[in-house]
Structure formats: structure tokens, C-alpha cells
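Student: My structure is below; once you've seen it, I'll send some questions.
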Protein chains: 4
Amino acid sequence: MSDYPPISEHLDDVESARTEGRRKMDWALQHMPILNELRDQFEAEKPLDGQVIGMAMHVEAKTANLVELLALGGAEVAITGCNPLSTHDDVSAALDAHENITSYAVRGVDEDEYYDAIESVVSHEPTITVDDGMDMVFAIHEDYPELIDTIVGGAEETTTGVHRLRAMDEDGALEYPVFAVNDTPMKRLFDNVHGTGESSLANIAMTTNVSFASKNVVVAGYGYCGKGVAKKASGQNANVIVTEVEPRRALEAHMEGYDVMPMNEAAKVGDIFVTTTGNRDIVTEKDFEVMKDGAILSNAGHFDIEIDLEALSDLAVDEYDARDGVRAYEMDDGRKLNVLAEGRLVNLASPIALGHPIEVMDQSFGVQAVCVRELVENADAYDAGVHDVPDELDVEVAEIKLAAEGVEIDALTDEQREYMGSWSHGT
Amino acid sequence: MSDYPPISEHLDDVESARTEGRRKMDWALQHMPILNELRDQFEAEKPLDGQVIGMAMHVEAKTANLVELLALGGAEVAITGCNPLSTHDDVSAALDAHENITSYAVRGVDEDEYYDAIESVVSHEPTITVDDGMDMVFAIHEDYPELIDTIVGGAEETTTGVHRLRAMDEDGALEYPVFAVNDTPMKRLFDNVHGTGESSLANIAMTTNVSFASKNVVVAGYGYCGKGVAKKASGQNANVIVTEVEPRRALEAHMEGYDVMPMNEAAKVGDIFVTTTGNRDIVTEKDFEVMKDGAILSNAGHFDIEIDLEALSDLAVDEYDARDGVRAYEMDDGRKLNVLAEGRLVNLASPIALGHPIEVMDQSFGVQAVCVRELVENADAYDAGVHDVPDELDVEVAEIKLAAEGVEIDALTDEQREYMGSWSHGT
Amino acid sequence: MSDYPPISEHLDDVESARTEGRRKMDWALQHMPILNELRDQFEAEKPLDGQVIGMAMHVEAKTANLVELLALGGAEVAITGCNPLSTHDDVSAALDAHENITSYAVRGVDEDEYYDAIESVVSHEPTITVDDGMDMVFAIHEDYPELIDTIVGGAEETTTGVHRLRAMDEDGALEYPVFAVNDTPMKRLFDNVHGTGESSLANIAMTTNVSFASKNVVVAGYGYCGKGVAKKASGQNANVIVTEVEPRRALEAHMEGYDVMPMNEAAKVGDIFVTTTGNRDIVTEKDFEVMKDGAILSNAGHFDIEIDLEALSDLAVDEYDARDGVRAYEMDDGRKLNVLAEGRLVNLASPIALGHPIEVMDQSFGVQAVCVRELVENADAYDAGVHDVPDELDVEVAEIKLAAEGVEIDALTDEQREYMGSWSHGT
Amino acid sequence: MSDYPPISEHLDDVESARTEGRRKMDWALQHMPILNELRDQFEAEKPLDGQVIGMAMHVEAKTANLVELLALGGAEVAITGCNPLSTHDDVSAALDAHENITSYAVRGVDEDEYYDAIESVVSHEPTITVDDGMDMVFAIHEDYPELIDTIVGGAEETTTGVHRLRAMDEDGALEYPVFAVNDTPMKRLFDNVHGTGESSLANIAMTTNVSFASKNVVVAGYGYCGKGVAKKASGQNANVIVTEVEPRRALEAHMEGYDVMPMNEAAKVGDIFVTTTGNRDIVTEKDFEVMKDGAILSNAGHFDIEIDLEALSDLAVDEYDARDGVRAYEMDDGRKLNVLAEGRLVNLASPIALGHPIEVMDQSFGVQAVCVRELVENADAYDAGVHDVPDELDVEVAEIKLAAEGVEIDALTDEQREYMGSWSHGT
């Protein structure tokens, strides 16, 4: 087992980091009505008493409020990052200061350290896993299968993670229940559409200082993330071009009024590229060859494999940092292609990245929290495998949010409910 | 059995009606690339040879091209309307002129005639039913159960119809397979969002001559139809207010930037109301009591029960036609509330109604056609009950459409396909 | 002088026409808060006593309420149409029934009758002219210069009319003051942008039954009308293409995210064309030659010279009415090009046309009414020539409208007013 | 005269600052097609030979490319900042390294130093002034009137500066010609609408980590900047509320579909406030008293007087930095109100500020450059006072931009030109 130490042992000035991290957490908490409401509940009822939660997530202020919520609910929590560049050390330190929380997340770790930190989390012998990319689930299944017996279940945050878990499930290889938090309406509609959309574009704007008005913005993939990026770019007067492989999604984008074309055509005219597919090799050598001088490339999917950086680097006669967070690749014909945030998630890994907007994560983490509570309270109800979040949990979170925003809605009358359930009414 | 005669026996000048109806069908066909493509296929391959298709649909130019396509595919077709006000007699006559088609649809029939016409269709002993509101399925199950044995299956066009069929199915009362055409992505995303959205608003504008800019447009229900009406109204600079009963849909509307409130609050400020719920009693007495003078009420759901016209009529001290298609109800305090198209579907039943846009119906009817073909070709594959349209059929139609619009898209590489199916890749 | 008789002598059943026309006027008046407010003022104060107003405008329900307002203000009014196809005979009859109004407007007159009707209006010896296209001003200057001495002034509604008046003024040929109602912010921002935009598209939709989603909509001209059409088409998910001759307007459209290109390029890809330039020869032979089969052509400018119908007719091997209001021109290669409303204003001259939305005309006519009042009250303040509407009149109308809509706004404090007028404040 | 030294004497490591500054300038220049084109012209033709240009502008990468362009055109340039917080020292150092440029701009100067730096610029005895807020014009008129005789003219960038210059002109106090660069269509439509709109919101998002979806965003003022902020916020799914004092602008916002209300009403519901008026006392004590806990206040106007920070500070029981660039004011009832960038221009003065987008400034600075050239080439054509930028200069820049973006447009034919100038055509 790894003896990779918690963040506090990595820092020179732990105290000031903790103060700063707590300040960041406090700011976020101000804009998280759902977690605020759940804090009251969890603190009073301690639904997670006796549980050990192992987490691999982006460790920044918002996530930290989820982590603290889980600890306030009675759990012991061990956490590490799910991306070497997304950890905020000060927030990690603030968490680590909590008596029920140990944080191993450190920004800028190398690959060995990354996996060592996961091992350190595993050494706490979690009964519940909470993932953003299934690293924790994968580590346990691969290297610590002996823990599986005592694991109640898990929750996974991302599209990509859920996709991989489903594949694992189909292979019969997933040995405890995991909630596909990503697949709830709450997650996809708000986090993916509004969260990824707004924050990716704000990061691009504030890293490059270019504007979107009149730009050809190429959005690769028209899933929920792609829809969000396209919608928000269009809302800033960009000319949106969508690339897709699924005919119905392509048609949906076309009907929305966007241009739809193959990537190699889009590559010729695009000013700014944002990949959102969750797949690999989306922008490749043949695309680099036809791109315009000054093209800006970014990724809002999960892994850094959507833009083929290896091929780009091979093509380049020179590489250098054009700005913080902007890597310029100079082609032999003098064209410069600019990659943001090393091709990692532009809204999480750029130098000024703040991640998803606070309120959006509030919703997503609200679902995480009630899912963890559900795993404890109704453990027997779930077999090994990927589970959709039960509708009533998702609805519970929506209701908390609406109430917090002061939005009232109608309720079905008995007559309406009966009508919706009947089938013998005439024209 | 009914001896209600075909349309041709109802008209004084059948020939000129046929000419006019054919002219309407030709205009529509010009803008229906999917049906054009399928005509070539169906005419060549005659996949429906030997089948009798009983239909209850809105009989106008676009539907007529579906009907003719089915006849060209080898079927004998008998059809009647699914709404007493939506039939175009000239189109009905043009269809009836086809040697393999008998049309009983006549505009303005009373309730007895409406059901007599359905009986006349049933008398052809259909082997396949195609419905827009499940009238045909219902009539057969209720009154002609002896036909069920020879029925291959059916297809249903609308949200409301599918809803009722599912209820029937749950009761174990649905005795042959029916494709829920409404539930395909093709249908919901294009027909409901773009079709209902655009055509409802165009009908309201051209019936009332009011504009949408700055108006408070109250959209009841935030399903696909509601989303379409809200989106298109917002795109014409209306201030959109959404009412809902489902917390997550309400939250989705709220996150989109719309106002969300209970109907009785919306009633106080709304200028134009559009109901899209598929449920009853959406706008009721307590709402009429607080509405502004001059409020305009319309329905884009399925049945005329969303606005409680009986209660409105009871409240009114006077009623009269303010314009063609606008019924004014004068309250005792002098306020006038204006109901469009008698509370029936505003885009189908208003005096100038042309129904859904042509291209949108082209997509929807493309799915209908391949579903009917599927019922014949793979009859054994489907048990009694409601069936989702198989993905490959839906995708087939999307591909035809994209090709017709000149839109090319990417295809997954083998490496990408493998990646999407795998789960063992690291960070 | 002409003895062309008033509308009432042209109709078989005058009484029922009057009833119908009055019903239309009443509906409009319900949605005209500004005119309602001004009716109270004008009826009480009779500011127009003793004046004779000669008008050439689109005679339909909304204009009729302006006409009646002027009569209620004490004037004798004589009116005729400003477009042979835009008159509603029933509304014309309802106006003619008013003791102080004579209406010569009849739908479908030929060129001789059109000018005879203008002469009949002139025979009333107007002291004020109100134009929509400067026909009245032009007729008086050309043929009845003896009337000019007693004319107090005029008001002109349209961009095109004002343009021509300014040209006339520059030639020293305009011999009495005319308010350029068109050039007020009230007129351009609301009437041109929202009015022309919404109503042109609604007419196109309801004449053709096509949808805008995903369509290439070519907007010729990016003035206020063009901006309105582009904005509203984009709001219905069209892909907007703009053509322009002024580089800054072209750049403005480009920055908005629209495609900008020469007409002959746009012609190759456009599905629906809307001309808004006020100029001639916008869509010409070389464009027709490259258009797609099924292209739809319409005009939202002033005259029917934007689409070169003569050239189109010469190119065509066949012409026929494809639908009411749609003239199909068949090219020798089989392509059909479809012209709406004979190339006249699509929102005024199509068969189902209702003209500009009511509320928008309410604003425009509110300005007309206070301008006419101003001509009487401050006749000496205005020399012969084109005059901008005085700011205070325009603001008066805006304030009436805001009050009617229940919108309150801030007022400058003395400190703020002083600050805005000063220049000696530091950083 | 001041002996305030150039930036290079303020820095410890001038060389690395210059390298970094040049790197920033290079990035910007890549996205400035207009300045690139003009560099070729100016370098070849040296139109500014013999001129001394005194500038007070935001000294960052984009402006620096204008400064260098002027120097390449033959001028000697002296420059300082126009805002104590907007200078990038490295860019200032890079400029100062140029043999024809002296830069006195240093970030974070106090008031005395600010004015000393202006004096140092003046000591170069400029023949042309280029301002962003009229500091240079004001200093010369107030303190160095002896320079006026040899001054050819000036150019002013901002709305606020032009407003103050016009007031000065009306007082007869402006003694040389100044081009109102701000008032060109190029400047207002692109810089104000797109530039201020996009960059203000991106700065707010990246300073606070909140999202705009569903937020009540209060935009004070509906001039060009306000329109831009409202449009872009709406495009990110905010619910936009506009406050105004001018009835027609208020009505324009209302017709666009926005909520319009007095600030004191907006204060009760607003989540994020952006002032854009150019006036003082826009958000004041009575507004702070009713704001929601967590409200975010920012300014996108010119000076830091739109939000009454003094009153806010007086009301507060505690003040602290909640995040970089966010000052929290705690009210006695526990509510926290958060002011961004000290109430200064949020897109220029926030800690991560990059200013207006590059391309937008490219357009604005293109106009500046041709205006300076015009002052030299046609000095005699301009009297003392504020001058609109001649149309042909503005059009020249638009044409350069369109060509650079590959956008082609139509040209008027002779027939069209004649038609537009004529007035005798009939209906």
C-alpha cells in the first residue's frame, strides 16, 4: 500500500493555505442553496454514520463543500484528485484540516504520484466510492478486490465514467452497485448544458482575449456538453459549426440552424475548436494540415485524447507558450495552431480555471449527496451494476432548488392525475 | 357496419376539389425530400402488397403524401379524419380518386358522423392501423375485436395517443403491436419542438394580428411541444412564462431563463396563453377570473380540454366571434377573453390553419412509412403492446434527410468504436 | 377633377361590409393603448377642428383607428389606399360611414382607378397630408400646386417615402413641411424591426406552410427592416444570410454571426429570400439562373421592384399559381421558383395578409397623430421641407406606451443631470 | 514640468518584462487583421513623420499595437495610462523599448503619480493627442494652454470622454479639433456592443465562478454598452432586467423582451448588477438596503462613480476581500454585497482582466489610426471642436476588416444609385 501523504505534508505554509482554501469554500457555499439545505439535514440526522467514503474528484471549492457535507453527515472521507491539474492545493488543505477528512490531492503530480494518492485513499478501506471518471472504482476492482465485500456502493459523476462503467457492467466485471449520477436529468441538463457551456467559453475568452462574435466556433459532438457549448457560443454571436457521427444528433444540430459538416471540412474554416465527445482522435493530423493560422483548439470532454497532441507535436517545427495556458505549435508553412490547457478540460485545467459554475455543481452535488445517503439507507435494494438514480431522489433535489430560488409550481389535481392514467376518453 | 360514404359522395363538384387537392399535395411533396426518396423505394419494391391500412389522421396535403406513399407501396388504404375540423375536403377528394385509396374524411362532421366514418374505415378490415390520437386502435378494440386476429400491427403519431396506448397496454388491454412513432427522437425533436412551436405561433399571429415582441406568453407544460413554443416565442422577443407540475421540467425552464410560476399567477399577467400539456383543466375558472382584458387563449396540446371552455362560457355575460377563429367571452366586469380555434389545436383547427410545417411532417411521416414497412416485413418480431420505433429505422430516416439536405457527417473509426466500448483506459 | 366615388358606391352589400369592418377596427383598437389614450385627449380637445386631412395609406383595421382618431379630433378626413392590393373593403366601408370621413380606397383597382382615387381625395382640398409612400404629396406638387398655399403640412410613414421626400427637398421642390415619421426611433425600432420582421415571416409561413428551422433565409439589406427579418428568422432557427452594399452594415451583420455574401452567391444556397432594401433590381436574372428548385422569393421593402419579375417571367417556360399567393415560375431545366404576393410587400399584399402587428402600428400611428396635432398647433415653426419629428413628441408617445404597459422607469436626479452636462470631473 | 520617469526606470527586471510584454503584443497582433494591414501602409508611407503624439490610454497588448503602428508611421509617441489599474507593466516596458516611444504607464500609481505621468507625456510637446477619457485634452487645456497652438488635433476613444468633450465644446472651451472616435458606427456597434458585452460577462464569470443561467442580471443603462451586456447575458440564459431614464430606450428594452423597472425595484431581485450609464449614483444607499444576500455588483461604464461605494462602505459593519477582485461588504443584518474590481471597469480593472477582446479593439484602433493620419494630412479641414469621424474613414476600416475576414459584398449598380437618388417613381 502507498504511503503517499496527505496534502498538508506537501505544503510549506499549511495554515495560510487552509485559510485561503476555507475562504474559497465559503464563497462557493454562499451560492449553493441545495448543499446548504442538505447540511442542515445531514448534520441533524447523521445518515452516513460509520461509513468510509473514498473519493477521486476535482478538488476545488465546490467539491469541497460536498466532501464536507458527507463528513458532516457522519462519514469518514478520504479524497484525491481525478486529474493531475485540477486540484487547488489550498482547498485540499482546508479539507484535510477537517477531523473526518483526509485529502491526498496535490496539484501537478506525476503519473506515479497520481496512482499513489489513489492507493492512499484506498488504504482507508472505503465502504462507498464517489468518482469523477471512475478511477476509484477501477483501482478497487483491479488492485484491491478484497475490499469489494464491504463496499455498499458508489456514485459516478461524469458521462465518460458512466460510459466506461456500463461497458464494465456488460462484461460482468462491475461487482458493486454504482449510481450513474451523470445520467440524471439534473446532471445532464444543468451541469453539462449550462455548466460546461458557460465555463468552457469563459475560460477560452479569458485565456485568449478573443471574442466569439462572428467567429467560426467548431463544436465536436452534439451530446449534452456539445449542445451547451453550441448554445452559449451562439448566444455570443458566434457562427457555430457542429461535427457529429450520429445521424439524429447531426440532424438535431442542423435543425437548430447550425452548420453541420465533417471535422476535416470544419478544420478549414474554424477559428475556435471545442471538443466534447468523450472519444479519442477527434482532431487529428489531417485536420491540423488544413487549419487556419491562429486557430485555437480546446477540449471540454473528459480526457486529453480528443485532440491528437502527439501528431500535432510531430508536425510542428517549433512549440512554445504563447500565453499562460496557450501552447503554440508552429507548422512548417508558418501557421500557428494554439492548444489551450494542454488539451485537457479547458474549464478545469486552464491556468485561471475555476471549473463549473458554483450553482450548477450545487445541483450535481446535491444529487451525489442524496445518492450516497440512499446507498446507506437502502443498500439491499441495489444489485452490483450501474444504476440510474431513482427518480424520487432527483426530484427531491429539484424541489429543494426551486424552493431555494423562490419558484412555485402547480400540482396535478386528482382529476388530472386520473386523466393522465386513463385511455378511454374520446375526441 | 356504417354505410357512411366516401368524401366524393359528399361534394357537389368533385372534379374541381380533386384538382385543388392534388395541387396542394404537389406543393407539399416539393418540400418532402424523405417521402420523395421513399416513393422511389416503395414503388419499386411494393413492400406493402396485400395489406389493408386503416387510418385516422388529419387529412390535409402532407398526410396525403404519406397515404399515397403507402398505396404506392402496394397497400389498400382507407382513411378518415382524427379531428372534425382538420380535414381539407379537396385533399380528401384527391386521395379518394386514387384506385387503392378510399377517404371518408369530411370537414365539419358531427359526432355521429365522425364515428360513422371510423366504422366505414373499419369495414375495409384493416391489417394495419395508422393513428393520430388512437381512434382507430380504440374503435377496433372496443367494437370490432374480431378483426384483431388478422391485424399485423399499428403506428401512433401523437404524444397523447401514445400516452393512452401505454395506459391501455398496462391494463393488458392492447392486443396487437403498435409503434409509438411519437416517442422517436425524430418525432419529438423536430415535429414537436420545431413544428408545433413555429406553426402554433404563426397561426396565432395570423389569426389575431398581434405581435409577440414584449408580450407575456404563458406556455403551459414544458415537454417537447412546450419547449418548442417557448423557444420560438422567445425568439420573437416575447417574455416567456412557463407553468409546470414536474419539478425537474420546471427547473429546466427556470435555468433556461424563463419565468416559472403557477398558472393562477401567470393568469394575472399573461397576454397570450398556449397550453401544451396533453392534460385537462389547465386554464380554469379561477384563472379566467384574474386575467387581463384582451387576453388571448390557445391550445397546442391534443384535445380541446386544456382550456375549460364550459366554465368560461358559464362566466361570460356575452359571447361572439371577434374575428374569424377568435371567440370573445365578455366577463361581467367588461373584460374580454379571446379563445382561438374553439380551444382545439390552434395550428390545425384555426380557420387559416395549414398544420405543421411541411418538412417537419416529412420527417415524421418518413418514420411512419418505414414503421409500416417493418410491421409487414418483421411481423413476428413484435408482441402485442406498445413498441418503441427500432433505432435503426429512426436512423435510416435521419440519414435520408441529411443526404437530401446535402449535409455530410463523420463516421466513427474502428479505434474510436473500440475506445467507446472499452473501459480500461487510464487518465 | 376625378369623380371616382367612395367605397360605399362600389359595394353590393354596404351594411354588412360596414359591420365587418367595424368589428375589425374594434379588435385592433383593443390592442392599441396609445391610440386609446389619444382618443380621450383628441375627443375632449378637438385640436384638429377646421382641418381637412388627405390621406393615402394602407386602409385596414389599424390605420382606420388612426383615421377615426383624426376625425374625432375635429378634422374632415378623405382617404385612399397607397397600394392597390392592401385595402380591406369592409374597413374602408366602415370608415366611409363616419360623418367626417370619406374613403375612396377599394381593393384591386387598376392604375387609372388608383390615381383617380387620389384625385378624389385631393378634391376635398386637404390642409394636411398623411402619406405612406408620398403619393399624396407627389400628386399635389405635380398636379394641384394651387392647393399648396393652404396646406399646413404633412406626415410620411415609410422609409422609402421619406427617402424620396428628402431627394425632392434637396432639389428645392418640396413646398410645405413634412414630418419624417419614419425616421423617429419609435418608428424604426419598433415598426421596422419588430413589425416588419414578425409579420413578414408569419405571412411567409402561413402562405407556404414551410418552416424556418434549418432553412437558409437570405435577407437582402441590413437596415432596420432587414435587421428585424434577420433577427426573427434566426429566432426561429433559420440560418440567416445577409446581402448588403454598405460595408459597415455588412460588417454589423457579420459580427452578429450571420453569413454575409453577394446576392449571386446567396442565390445558390437560399431556400427563402426576403428583400428589404427599398431599392430596385435586388434579385435579378443572374440570380434566378442559379437558384435551387423550390426557392421562395418575397419582398418586405416598399415597391415591387426588388425582385425583377419581368426578367423572371421572360426566363420561365411556364407560370401558374401554386397556392393562393404563390406564383410558380418554371425554368427550362424544370426548377420552380416561387414568388409570394406578386413581389409586393409580403406582409401587406399576401392573400391572408393582416399587415403589421397591431401594437406596432399603435406606436407608429401615435406618432402620426401627435405630428398632425403639432402641424396645427405650431404651424409657423416649420418651414417647407422634410422635418424630423421633434424629440418631445416621440418621447410623449413612448411615455404613453410605457404607462399603458405598466412599466415604470427611473428619472435623472439633479446631480446626475448636472454631471452629464459637466466636463471637469477627474478620473 | 514633471520628471516622472518612464516605466523602464520603475522595474527591477526590465528585460524580462519587455520579453513578456512583446509576447503579449505578438499574440494580440495575430488577431488584429486591420492593424496588420495598416502597418504595411504606415511603414511604407510614413504619414506621421514629424508628429509627436501624446496618449493617455489603457496600456495593454492591444493598445500597444496601435502605439507601435503610430510610431511605425513616423511619429514620436509618449504615452501614459488612463486608469491607475489598467496598465500592464510588461507591455508598457515593451513599448518603452521602442526608439520612438516613451511609456510612463505604471500599474497601481496613486493620484499624484497619475497626474505626474500625464505631465511627463505633455513635456514631449505633443502635436496630436489620443485619449481614452480625455485626460490628455483636459490636462493641456487646463495646465499647458501654450501647447495648443502647435497641436494639429486629437482623437477620443470613449463615450464618456466624447460626452465631456461635447460639453466643453458647447462652452466654447475646446481649442483644437478632436475626432469623436467613439461615435462612429464601427466603435459603438462593435466595441461597445460586442466588446464590452462579452468581456464584462467573462470577467464576472471568471472572478466569481457563478453562472448566468437563470440569474437576474440587472443592466443599468440601455445605450450601446448596456445593449451589449443585456444581449450577451440573455444569450447565456440570464433573465435580463434593464433600468433606464430615457423613455424610448426603456421602451426599446421592453420591446426586446427584457424586464424594465426602476433600480430600486430591480435591487430587490437582482443577482448580478452591471452599470453601463456613464453617469453617477446609479446604485445607491436605498438600493443596497433592499438587495439580496450575495448580490454581485459591477461597473462596465467609465468611472467608478456608478456604484456609490462610499455609501456602501458607510452602511457596512465589515469589509473584506472575499476573492481576488471581490470586495465583500457585510450589512448589519448579515447580508453580504459583493463589489467587483472596486467598482471600476470590470473588464479592465479586475485582477484577471484582459480588457476588450482583441478583434474588437482592432477595429476601434483601426479607426484611431486613420483618424490620426487624417489630422496630419487634412489638418486645415477641421476647426477647433468635436468632429465626427468622416464617413469615408470609417468605411475604409470596415472594408479592410471585411476583406481580411474573406467577406465579399455587393456594390450598387448605376441604376440602383440613380434610383436611390430619385423621387419621381410611381407605385
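Glycine is treated like the rest: Cβ placed from N, Cα and C.
Nobody curates TrEMBL annotations by hand; they come from automatic prediction.
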Student: Looking at TrEMBL, C:ASP132, C:LYS187, C:ASP191 are annotated for substrate. Which of C:GLU111, C:GLU156, C:GLU157 sits in that same site?
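Tutor: Checking C:GLU111, C:GLU156, C:GLU157 against TrEMBL: the substrate site match is C:GLU157.
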Student: If you measure Cβ to Cβ, which of the binding-site residues C:ASN192, C:GLY226, C:GLU244 are under 8 Å from chain D?
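Tutor: The binding-site residues close to chain D are C:GLU244.
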Student: Report the nearest neighbour of C:ASP191 (substrate binding site) in space among the binding-site residues C:GLY226, C:GLU244, C:HIS356, comparing Cα positions.
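Tutor: In terms of Cα distance, C:ASP191 (substrate binding site) lies closest to C:HIS356.
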Student: Go through the binding-site residues C:GLU157, C:ASN192, C:GLY223, C:GLY226, C:GLU244, C:GLY301 for me and flag any whose C-beta is under 8 angstroms from a C-beta on chain B.
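Tutor: So none of them sit by chain B.
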Student: Including all protein chains shown, what's the count of other C-beta atoms within 10 A of the C-beta of C:ASN192 (NAD(+) binding site)?
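Tutor: Counting Cβ neighbours of C:ASN192 (NAD(+) binding site) within 10 Å gives 25.
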Student: Output, ordered by sequence, the same-chain residues six or more apart from C:GLY226 (NAD(+) binding site) with a CB under 8 Å from its CB, or 'none'.
Tutor: C:VAL219, C:ALA220, C:VAL242, C:THR276, C:THR277
Student: List the same-chain residues at least 6 positions away in sequence whose Cβ sits under 8 Å from the Cβ of C:HIS356 (NAD(+) binding site), in sequence order, or say none.
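Tutor: In sequence order, C:LYS62, C:ASP191, C:GLY195, C:THR196, C:SER199, C:ASN347, C:SER364 meet the Cβ cut-off.
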Student: Taking the centroid of the Cβ atoms of C:ASP132, C:GLU157, C:LYS187, C:ASP191 (substrate site), which other same-chain residues have Cβ within 8 Å of it?
Tutor: C:THR158, C:VAL181, C:ASN182, C:SER364, C:GLN368
Student: Which ones in the same chain are close to C:ASP132 (substrate binding site), with CB under 8 Å and 6+ residues apart in sequence?
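Tutor: The answer is C:ALA56, C:MET57, C:HIS58, C:CYS82, C:GLU156, C:GLU157, C:THR158, C:GLY161.
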Student: If you count Cβ atoms within 10 Å of the Cβ of C:GLY223 (NAD(+) binding site), leaving out that atom itself, what do you get?
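Tutor: The answer is 18 other Cβ atoms.
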Student: Give the number of CB atoms, excluding that of C:LYS187 (substrate binding site) itself, located within 10 Å of its CB.
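Tutor: Here the count is 26.
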Student: Can you tell me the CA-to-CA distance separating C:GLY223 (NAD(+) binding site) and C:LYS187 (substrate binding site), as a whole number of Å?
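Tutor: Given the Cα positions, C:GLY223 (NAD(+) binding site) is 13 Å from C:LYS187 (substrate binding site).
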Student: Could you give the Cα-Cα distance between C:GLY301 (NAD(+) binding site) and C:LYS187 (substrate binding site), in whole Å?
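Tutor: Cα-Cα distance, C:GLY301 (NAD(+) binding site) to C:LYS187 (substrate binding site): 15 Å.
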Student: Mind checking which of C:GLU157, C:THR158, C:ASP191, C:GLU244 has the fewest other CB atoms within 10 A of its CB? They're the binding-site residues.
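Tutor: Relative to the other binding-site residues in C:GLU157, C:THR158, C:ASP191, C:GLU244, C:THR158 has the fewest Cβ atoms within 10 Å.
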